[in-house]
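Peer 1: Encoded as structure tokens, here's the structure I'll be asking about.
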Amino acid sequence: VLSAADKGHVKAIWGKVGGHAGEYAAEGLERTFHSFPTTKTYFPHFDLSHGSAQIQAHGKKIADALGQAVEHIDDLPGTLSKLSDLHAHKLRVDPVNFKLLSHCLLVTFAAHLGDAFTPEVHASLDKFLAAVSTVLTSKYR
């Protein structure tokens, strides 16, 4: 459960991410593909080379979804319901992949945000991404 402090940290750091959200999410996705090669199996039609237009476009989709989640942090299930349906029923993404992507997103944010990425922000953002992952996998059951 996200505390009021967690929500404040997430909103504040997302504000610092700002216009770089799509870029950072694409970088996190690319890190995921390199660090956990089995995740590539869900993207057989993608050009997975560094900086490809497809990775950039999917990074923007991830960033947009996370931005909506931040904006509606008190209603993650309602906000992410359609994405949950898509990933569970149509794409059938293995739930573990959300944890892998979340980890790579945290690494990417840490690399870019420097001193703003405090231990408290790290913990809150980790909890937030875990909450998002839980919602995205909720329709699997």
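Note that Cβ sites are derived from N, Cα and C of the backbone, with glycine treated the same way.
Got these off Swiss-Prot a minute ago, pasting:
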type	residues	note
DOMAIN	1-141	domain 'Globin'
MOD_RES	S3	phosphoserine
MOD_RES	K7	N6-succinyllysine
MOD_RES	K11	N6-succinyllysine
MOD_RES	K16	N6-acetyllysine
MOD_RES	K16	N6-succinyllysine
MOD_RES	K40	N6-succinyllysine
MOD_RES	S49	phosphoserine
BINDING	H58	O2 binding site
BINDING	H87	heme b binding site
MOD_RES	T108	phosphothreonine
MOD_RES	S124	phosphoserine
MOD_RES	T134	phosphothreonine
MOD_RES	T137	phosphothreonine
MOD_RES	S138	phosphoserine
Peer 1: Of the residues in the domain 'Globin' (1-141), how many are helix, strand and coil by DSSP?
Peer 2: 114 helix, 0 strand, 27 coil
Peer 1: Around K11 (N6-succinyllysine), which residues of its chain at least 6 apart sit with Cβ under 8 Å of its Cβ?
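Peer 2: The answer is V70, I73.
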Peer 1: If you compare CA-to-CA distances from K7 (N6-succinyllysine) to each of the recorded positions K40, S49, H87, S138, which comes out shortest?
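Peer 2: Result for K7 (N6-succinyllysine): the nearest of the recorded positions is S138.
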Peer 1: Taking only the modified residues S3, S124, T134, which one has a CA atom nearest to the CA atom of S49 (phosphoserine)?
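Peer 2: Closest recorded candidate to S49 (phosphoserine) by Cα: T134.
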Peer 1: Taking each of the modified residues S49, T108, S138 in turn and counting other Cβ atoms within 10 Å of its Cβ, which one has the fewest?
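Peer 2: Taking S49, T108, S138 as the modified residues, the minimal 10 Å Cβ count falls on S49.
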Peer 1: Restricting the comparison to the modified residues K40, T108, S124, which residue's C-alpha is spatially nearest the C-alpha of H58 (O2 binding site)?
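Peer 2: Of all the candidates listed, K40 is nearest in space.
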Peer 1: For each of the recorded positions (K40, H58, H87), count the other CB atoms lying within 10 A of its CB, then report the residue with the highest count.
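Peer 2: The residue with the densest Cβ neighbourhood is H87.
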Peer 1: Do any residues at least six apart in sequence from T137 (phosphothreonine), in the same chain, have a Cβ closer than 8 Å to its Cβ, and if so which, in order?
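Peer 2: Sequence-distant Cβ neighbours: S84, H87, A88, P95, F98.
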Peer 1: I'd like to know which of these modified residues, S3, S124, T134, is least surrounded, judged by other CB atoms within 10 A.
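Peer 2: Minimum Cβ neighbour count within 10 Å, taken over the modified residues S3, S124, T134, occurs at S3.
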